[in-house]
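Asker: Handing you this structure, nothing more for now.
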Amino acid sequence: MTPTEAAPAFFLAVAVILVVCRLVCLVAVRLGQPPVVGEMISGVLLGPSLLGLVLPGVQTALFPDGIRPLLYVGGQIGLVIYMFGAGYEFSLRSIRGSAKSVGAISAAGTVVPLALGVGVAVFGTSWAGIAKDGVSLATSAAFVGVALAITAFPMLARIITERGLGGTRFGSLALACGALDDVLAWVLLAVVLGMHADSAGPVALAVGGGLLFALLLVLVGRRVLAKAMGSERITADQKMLITALTLFAAAWFTDIIGLYAVFGAFCVGIVFPRVPAADAVLAKIMPIGRIVFLPLFFTYSGLNTRFALLADPKLLAFAVLCVVVAIIGKLGACWGAARLVGESQPVALRVGALINARGLMQLIALNVGLAAGIVSPALFTVLVLVALVTTIMTAPVLSWLDRRDARRGSSALLLTAEPVPVNGKS
């Protein structure tokens, strides 16, 4: 397919993706789900799991092989912007107000699903045939463990904001723990990518380049960005340009050293100055990334998801096992840790339910693994199912807990409990 042929095909595909994504999101919101659930489902609907199964000719015409690289690049732009926003929402101040609870819950929410994921992957490799040829058992198992340890922090923040839970003990505690969980999981994912390289050169490049990148951001980048965003001599358009240059340069560097673009974008978001000018920049670029480019990522993921593979009884059983392990590893472990450090039962259950959602962050990790050659089609499909189930169940579980505690008269306690400081605020 020539560029002149690919362009109109790409434009048509994008138009269809945006319409389907918006329609499915409207249905999801009507059903009490966050928009990201609709976005995830829309990608699956446009892939071989539904459209390709019912109308294979239509799917081939809409998404020919020639435009898939364009969908990938467009989706990567959306991811870079999205991860920049996720990093911007993270603040070290959010884990200082209740270090004991945050530390215990985050440790449990990372270590337990990581260990359970490794165990279930070792079992599934020999029994369900989920491993990809040429990938070591250790790498495959470690990747599954990391994927199950991820929390959908940005989506978690959106749920808490939309439900007005930011002033509650469990809402602010879940935000702090979710943010720390995600940072730990992305560091572990970088380690897994280094393991897959299977040679000292790529590992050294990733580790050395990553350390150099972090030092430059902290020692130089943070100061330069703070000065630029705080200057009245620099116009709003120039601040937007500075942000875009920094963001894409960071994405390029972390991509070429083997850590992938999402790492660079997330790190830039963490060090970006928290000033009104920066808020204004994010207010302009985040909607474009979320509404226009991110649906391309969901569709690209959906084109690689083949739920028909679950017709294999062994793979289906493995998928169910992964879902159960994922829920026990996150919801169960975080609930248990919260109770051990003295949190009340209602608070502990809600913290576990919120942190259990994997959402978009797990899809991002899966696509990183797919691009790195770690993930097989079967494993990709299983973990997409985990992401969908754990994300979809969050809102109903919270609503059920609200109704139950309202009957017991404990809801007032949840709303008046002292919150953990988040982003420097209580």
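Positions of Cβ are set from backbone N, Cα and C atoms, glycine also.
Feature table excerpt (TrEMBL):
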TRANSMEM  6-29  transmembrane segment
DOMAIN    17-399  domain 'Cation/H+ exchanger transmembrane'
TRANSMEM  36-58  transmembrane segment
TRANSMEM  70-90  transmembrane segment
TRANSMEM  102-123  transmembrane segment
TRANSMEM  135-161  transmembrane segment
TRANSMEM  173-194  transmembrane segment
TRANSMEM  200-220  transmembrane segment
TRANSMEM  241-272  transmembrane segment
TRANSMEM  284-303  transmembrane segment
TRANSMEM  315-338  transmembrane segment
TRANSMEM  378-401  transmembrane segment
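Buried or exposed, and what's around them? Tell me for each listed feature.
Answerer: Packing against the transmembrane segment (70-90) from elsewhere in the chain are residues 6, 10, 13-14, 63, 153-154, 157, 179, 182-183, 247-248, 251, 261-262, 264-270, 272, 274, 278, 282, 285-286, 288-290, 292-301, 303, 360-361, 364, 423: each is 6 or more residues past its ends and has a CB under 8 Å from a CB in it.
Panel annotation: around the transmembrane segment (102-123), residues 94-95, 130, 137, 140-149, 151, 173, 176-177, 180-181, 184-185, 188, 318, 321-322, 325-326, 328-330, 332-334, 336-338, 340-341, 351, 355, 420 of the same chain, lying at least six beyond its termini, place a Cβ under 8 Å from a Cβ of the stretch.
Nonlocal intrachain contacts for the transmembrane segment (135-161), taken as residues 6+ away from its ends with a CB within less than 8 angstroms of a stretch CB, comprise 34, 36, 82, 85-86, 89-90, 109-110, 113-122, 124-125, 171, 174-175, 177-179, 181-182, 184-185, 188-189, 191-192, 195-196, 198, 322, 325-326, 329-330, 354-362, 365-366, 369, 373-376, 379, 383, 386, 391, 394-395, 398.
Only residues 6 or more beyond the boundaries of the transmembrane segment (173-194), in the same chain, are considered here, and those with a CB under 8 A from a CB of the stretch are 86, 89-91, 94-95, 97-98, 101-102, 105-106, 109-110, 114, 139, 142-143, 146, 149-153, 156-157, 160, 166, 202-203, 206-207, 210, 258-260, 262-263, 266, 334, 338, 343, 347, 350-351, 354-355, 361, 365, 368-369, 372, 374, 419-420, 422.
Sequence-distant neighbours of the transmembrane segment (200-220) (same chain, 6+ residues past either end, Cβ-Cβ under 8 Å): 190, 193-194, 250, 253-254, 257-259, 263-264, 267-268, 271.
Remote same-chain residues near the transmembrane segment (241-272) are listed as 76, 79-90, 186, 190, 193-194, 197, 202, 205-206, 209-210, 213-214, 217-218, 221-222, 225, 228-229, 234, 278, 281, 285, 364, 368, 371 (criterion: CB distance under 8 Å, separation of at least six residues from the stretch ends).
Long-range contacts of the transmembrane segment (284-303) within the same chain, counting only residues at least 6 positions beyond its ends with a Cβ under 8 Å from a Cβ of the stretch, are 13-14, 17-18, 21, 39-40, 42-49, 63, 68, 71-72, 74-82, 85, 240, 243-244, 360, 363-364, 366-367, 384.
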Asker: Could you tell me what the rest of the chain brings near the transmembrane segment (315-338), counting residues at least six beyond its ends with Cβ under 8 Å?
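Answerer: For the transmembrane segment (315-338), the nonlocal Cβ contacts are 101, 104-105, 107-109, 111-117, 120, 124, 127-130, 144, 148-149, 151, 173, 177, 309, 347-349, 351-353, 355-356, 358, 378, 381-383, 385-386, 389-390, 393.
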